[in-house]
Amino acid sequence: MRESLKLSLFYFNKKERNKMNYTTQMDAAKRGIVTKEMETIAKKEGIDVKKIIECVAKGSVAIPANKNHKSLSAEGVGQGLRTKINVNLGISKDCCNVDRELEKVKKAIDMKAEAIMDLSCFGKTQEFRKRLIEMSPAMIGTVPMYDAIGFYDKELKDITAEELLDVIETHAKDGVDFMTIHAGLNREAVEIFKRNERLTNIVSRGGSLLYAWMELNNKENPFYEHFDKVLDICEKYDVTISLGDACRPGSIHDSTDASQIKELMTLGELTKRAWERNVQIIIEGPGHMSLDEIETNMKLEKKLCYNAPFYVLGPIVTDIAPGYDHITSAIGGAIAATYGADFLCYVTPAEHLRLPDLDDMKEGIIATKIAAHAADIAKGIKGAREWDNKMSVARKELDWEKMFDLAIDNEKARKYRKNSTPEVNDSCTMCGKMCAVRNMNKVMQGKDINILRNEDK
């Protein structure tokens, strides 16, 4: 396929491109059409657009780009690209201040998060969702299952399969770029879950709602049973399906168990069905997991799901650190992305405790960006190591302004420097005149150094 694809690549100017009739980014890629989104991504990543086309056609890269999201600045997720990060926000029953959530949106955009997921789960969410899509250049994701109860003002068990599908279409019409759909939790997976006891059962919010719906109605998962209808909707609007992991582990005890792996196998089968319809796929993954299991899990996903992009929550590597789960998550995320994860969902210090505030959100974004960048260095992503090398040069030269400009959080770096002023400017208050960098620079230049005298010679 690769060779035939290379032979079929051809380019169109903008006028000619607009005449082309393609349904999705994957459809365009298979036909050798260069979309404006592909051009944007090639420029951002600094790679040949031919490589983007090849990977999108195979499914190893996804471009979440709803036809109705007009403010989108497209990003690619997958093989050979920078590791992307997602920020979760949204309205809950206990915290339903729309303006406060919109402030979080602005913060996420300012901090250059590539994706924002609206996880609103209370009331009529469409107004907030539409405002989010209108103002955001970041790709937008949702979980339609969360919205169903408020959308219909019905109890969960009374919502029909058709109504659940209608919620998906509503989100698609609104311009959502990717949707988490828990299509892998079928009746077979439910029976495996029942036979294999867990410490923490099902911790996925959408997965638990879907499990409850299936049990209360004694029916098959509607997203699995009617997956072709889901594909119809996603093909129409070019929505990327983020196949949700309802059985992701909620504790390190439950990781890599029968329920998790069974669902992952089903997600692989659904991936092939989606690609046959030119619908793009991202696979969602764990979760809570000990360090020694992460590499294996990344390789399993790539094998069982045919190298589809992998989107992970953490993984959180220990369960004992509430208030610090941005750290437990960043540790796991760096390892996961090194071994194949393409997309990291941020975790904040508020995880497991409350809805995050703006400060929590910033801490979570920075921690996740550090994890993503560390993995990109290890993976050899273009430009990743150069950023660190520039910082090292600035440190050697004791160029504080350059260091601040290069810092992943320059605001915090400037604040720390300002709050603790050294005796001499070419040092900091940790070492003062004993600064190794300062003294080596002087000696290497043939100069004398002093530690006790007030002035240098």
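Glycine residues also receive a Cβ, built from the backbone N, Cα and C atoms like all the rest.
Together with ASN88, MET117, HIS182, SER204, ARG205, GLY206, ASP245, ALA246, CYS247, ARG248, GLU284, TYR311, the substrate site in Swiss-Prot holds one more listed residue from TYR22, TYR146, TYR152, which is TYR146. Classification of ASN88 (substrate binding site) by DSSP places it within a strand. Taking the Cβ of GLY206 (substrate binding site) as centre and 10 Å as the limit, one finds 23 other Cβ atoms among all the protein chains shown. Taking ASN88, ALA246, ARG248, TYR311, CYS428 as the binding-site residues under consideration, the smallest Cα distance to HIS288 (Zn(2+) binding site) is found for ARG248.
Cα separation, TYR146 (substrate binding site) to CYS431 ([4Fe-4S] cluster binding site), rounded: 53 Å.
On a Cα basis, HIS352 (Zn(2+) binding site) lies 16 Å away from GLY206 (substrate binding site).
Taking the C-alpha positions, the distance from CYS431 ([4Fe-4S] cluster binding site) to SER204 (substrate binding site) comes to 48 Å.
Rounded to a whole number, the distance between the Cα atoms of HIS352 (Zn(2+) binding site) and ALA246 (substrate binding site) is 17 Å.
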